[in-house]
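Everything on this sheet refers to the single structure shown next.
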Amino acid sequence: MKLQISGLLLVTAVAYATIEAPEEFVSLAEMEDTLLRNLFRGYQKWVRPILHANDTITVRFGLKISQLVDVDEKNHLMTTNVWLWQEWTDYKLRWNPEDYGGITSIRVPSETIWLPDIVLYENADGRFEGSLMTKAIVRFNGTIMWTPPASYKSSCTMDVTFFPFDRQNCSMKFGSWTYDGTMVDLTLLDAYVDRKDFFDNGEWEILNATGQRGSRRDGIYSYPYVTYSFILKRLPLFYTLFLIIPCLGLSFLTVLVFYLPSDEGEKLLLSTSVLVSLTVFLLVIEEIIPSSSKVIPLIGEYLLFIMIFVTFSIIVTLFVINVHHRSSATYHPMAPWVKSLFLQRLPRLLCMRGHTDRYQYPDIELRSPELKRGMKKGQQKSAGGGRGGLKEDENQAWIALLEKATHSVHYISRHIKKEHFIREVVQDWKFVAQVLDRIFLWVFLTASVLGTILIFTPALHMYLST
């Protein structure tokens, strides 16, 4: 009897173990599958997960930037690659980890759960939501963390006053598209944008990126939003090397126009070439910066200054060339004050050599003293009597010949003096042109240096202050 009872107990234990054994070896995947089926049985993703009608879902919002792709000054756009950190609580997605093998979190497709419709308000390409619907992390207490990546083109008002030493303040405003503040509230996860994985941009540097919560009212409703402000600083090395330095070189080439001699036409040729080069630079800048009538960019002001500078240099060069080619033959006599100022005083002030090619030649007498004495003696002899009449006739012939020679010498002398006077006038005007060149050289050099300093100093001061 005892043996039968023992056998019966053994069979019962084996049967019980056979029935209970599968429940002890349930895999984690099966448990997670059971959890998902239990959680989403009857779950409606279009319904806001609240218990009471006056409950508000608080969404903790944060931003992480990975790349500043582009800042388009022409179209007022900023292109960024970011991650949107969103965290909220869904009471319908809670479970007890002990009932499901200690599972504390699961990953579910974001398309299957309720999502706060947070979008970028200043979007410029029509893509207001994140570009990729990634999975969301759901914890056992109902906390949901969703960090979708997104590529945004946001509108940004550009201030190019100090281009290329400018800074830009671009903002990204996020908020719910349909829910007001009584339904969905936004709070900042962090006051700063996460830049730990930021990939540096070759043209722009992010000085600061902070977030701030705000709210706008529309009638009786209040709509909370979060604004992230990016302070961007341009790295001006490229524009300095390929834009500003060539412009500086062209401005100083304009100054060197007044160092060239006026005999040839290189002065006008150089000035015209500089003006054409500046026009090309202006067209290049026009393709970069936005077309705005509110402000003139710094580099645009400088190019405009140089173009006016070059235009004046061309006008002055024409005047100097005109002075250089003046003479008595062109009916331009030199006034006494011009001689005194430009031939004597200004050359000393400008450290120039004096005008030494100006000589005074004594007048040649019509008759030399010896000729006068010979003629006087001949006249006395002819008056004293008739002796030596033949000799006297010979002397008179020589006297007549000498008088003709004297008249010829006088004619040659007058011609030489006239040529010398013309040459002297020509040289005087050429020297006046040289003095004018030296004056305008210093004037334009001073104006170029002062203009460059006055235009770029405010921008450099602002750029170097941080």
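Note that Cβ sites are derived from N, Cα and C of the backbone, with glycine treated the same way.
Annotated in Swiss-Prot:
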DISULFID  C156-C170  disulfide bond
CARBOHYD  N54  N-linked glycosylation site
CARBOHYD  N141  N-linked glycosylation site
CARBOHYD  N169  N-linked glycosylation site
CARBOHYD  N208  N-linked glycosylation site
SIGNAL    1-28  signal peptide
TOPO_DOM  29-235  topological domain 'Extracellular'
TOPO_DOM  324-438  topological domain 'Cytoplasmic'
TRANSMEM  236-260  transmembrane segment
TRANSMEM  268-285  transmembrane segment
TRANSMEM  302-323  transmembrane segment
TRANSMEM  439-456  transmembrane segment
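N169 (N-linked glycosylation site) falls within a strand when secondary structure is assigned with DSSP. DSSP assigns N208 (N-linked glycosylation site) to a strand. All protein chains shown were included, and the count of other CB atoms within 10 Å of the CB of C156 (disulfide bond) stands at 23. According to DSSP, N141 (N-linked glycosylation site) is assigned to coil rather than to any helix or strand.
If you take the CA of C156 (disulfide bond) and look 10 A around it, you hit none of the glycosylation sites from N54, N141, N208. When the glycosylation sites N54, N141, N208 are ranked by how far their Cα is from the Cα of C170 (disulfide bond), N208 comes first. In this structure, the C-alpha atom of N208 (N-linked glycosylation site) lies 10 angstrom from that of N169 (N-linked glycosylation site). The Cβ neighbour count for N208 (N-linked glycosylation site), using a 10 Å radius over every protein chain in view, is 13.
Around N169 (N-linked glycosylation site), the C-beta neighbours below 8 angstroms that are at least 6 residues distant in the chain are S229, F230, I231, L232. Fewest Cβ neighbours within 10 Å among the glycosylation sites N54, N141: that distinction goes to N54. DSSP assigns C156 (disulfide bond) to coil in the three-state reduction, outside any helix or strand. It is 21 Å from the Cα atom of N54 (N-linked glycosylation site) to that of N141 (N-linked glycosylation site).
Other Cβ atoms within 10 Å of the Cβ of C170 (disulfide bond), summed over all protein chains shown, number 24. Taken residue by residue with DSSP, N54 (N-linked glycosylation site) is part of neither helix nor strand, so it is coil.
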